Every structure is written in structure tokens, then in C-alpha cells.
């Protein structure tokens, strides 16, 4: 299970989540039915070589649409919703419209559902970026607890590993026998890791040359982070094409606000080098527990925090599943049906 301990990483996760929720809200509920689609039109009475013009639905104009089933099967996926607001061309009673009416009668040659484009490009990129960033956070936390970290004060003591406390409690309560193998293993790991960190800080190039696996792990961690942030920032630079006329100004402003905030937050986290705490040396050395109350307090706090985090995850996952099942048909109807 994943618990985001770093406030910097947590802020980025919250911003990405909020950005994705805003996009989903606009796609499902925020777009007006008259501003979901764009149409490639040509005024009635003009030559066939006249260039097509993309425009959104305008109630002051008369849009003559294609038949119910286009002869060449040229409709795009989910574009049928765009033809619901059109008038079939064969039911128009007049033969040749007057010149004054030509500018108000449009023949529709193609329709595009812009919500489909938004759903399958931006929303998907945000979701993929969100999962990649969570994968980066998971790898980073595991490396801080068990791997090589520089500077050394960023290391997390392996003894705080939840499995260590859980194994100790289970063995002492149910088995009535002290189990210390995990504790000894973590202590040995802590000593070896401190030696590796000293070697890495002395000569990083030689260290990574003789231990390429560590370099690969760190490289994968950095790649996940940069790819995730790149996908999120890239959503603001995706070409909207002709669909730009349907998207409101607030969506553009909201997109750039979220993207710039996420990018600046990550840049600040990367460039910022916080000073080492004054008691870093004391904290690095293993200290003795101050009596039974200190041991019980540490055990209870870590176990209860782990249980609370797992309960929160279960509640969030269950809530998302229930909401998705309850509103699945409604979401599909709003997106792709009439």
C-alpha cells in the first residue's frame, strides 16, 4: 500500500487529481448540448469547390444534415449525437432558396464530437500521468527506506517498516514468542546502507559504475517523474484544431493554471535543497526507546496509522467503484447519446 509521506509529493498528487476532476466534470456535466459539436458547412447555393467552414451550432442558422445513415459510413465514433440537432436535407420544401436565405442555410458535410476528443486525449493523459506519478512516489519512498539516498538526512529508518512492527506484535500476542529476525535484518540493512551512502557521496561515478542496478533504479524513478509531469503539462499544448471554437475561456484559463502550478511545484521541489536538520547526526544513530510508554507509543502510532491509511484507501476505492457503477449509464448518455 502507498502512503504519500512527503508534503511536496502530496501537493502534486492533489493538484493532478483536481485537474483531472475538473476535466471530467466539464466533459460530463459542464458542456452545453449546443456547444459539444462542430460542423463542416458550406452555404446553400455555392459551388462544390467552395472551402468548408468549421462552426458550432448556431440557432440563427438552418443546418441541413446528412441522412440517418450516411452512404459511405463516414460518421466518426459517437458523432451521431451531433446530427440530432440537424434537419434532414430531403425534407426541406423549397427547391431553390432565394439569395437572401443562402447565407442562413448551411449544408453540413461533416460533424465532430469535441467532447470525444477531449475525453480520449486530455482526460486519458491526465489519468496516465496520475498513475505514473504515484508509481514514482512509491519507488521514491522505498528507496528512501531501503536504498541509497543523498543527502543522507533524507533517509528513512528501515526499522519503521510497518511489517517489522506487525510481525513483532503478532509473534508476541499470538505466538507468545519474541520474533526479532526482521529487526536484525533491518539493522544490518541500515548499517550497509549508510556505508553505501558514504561511498556514493565520495565518488558517485565510480559507485554507479560498479553498481549499475542502483543507477537503473534511480533512472527509472526519475523517468517516471519526468514522464508523468510531461504528460500533465503536455495537455495544455495539445492542438485543439477546429474544436477550439467550442471550448469556453474558463476551461483554457483553468487548464493553464493547473498546468503551470504543477510544473512550478515540481521545478521548485527539484531545485530546492533543504538544509540538513541540526540533529541529523543524532537522528541517524539508533536511539534507545525511552521506557515502555515510548515503545508502546511508537508501535501503536505506526500500526494505527497504517490501518487508517488502508481504511482510507478501501473507502476511496469502494466509493469510486460505487459512483462509477451508479452513474455509468448516465455518463455514457451525456457523452455519446442524444
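Keep in mind that glycine also has a Cβ here, set from the backbone N, Cα and C atoms.
Which of 103-121, 122-140, 141-159 counts as transmembrane segment depends on Swiss-Prot, and there it is 122-140. Looking at the stretches 181-201, 244-264, the one that Swiss-Prot records under the feature transmembrane segment is 244-264. Topology check against Swiss-Prot: residue 48 and residue 265 carry distinct topological domain names and occupy opposite sides of the membrane. Among the residue ranges 213-233, 276-296, the one that Swiss-Prot annotates as transmembrane segment is 213-233. With a cut-off of 8 Å between Cβ atoms, the residues of this chain six or more beyond the transmembrane segment (244-264) that come close are 12, 15-16, 18-19, 22, 26, 31, 35-38, 54-56, 114, 118, 229, 232-233, 235-236. For the topological domain 'Extracellular' (234-243), residue counts in helix, strand and coil come to 4 helix, 0 strand, 6 coil, using DSSP.
For the pair formed by residue 48 (N-linked glycosylation site) and residue 58 (N-linked glycosylation site), distance between Cα atoms is given as 22 Å, rounded to the nearest Å. Ranking the glycosylation sites 48, 58 by other CB atoms within 10 A of the CB puts 48 at the bottom.
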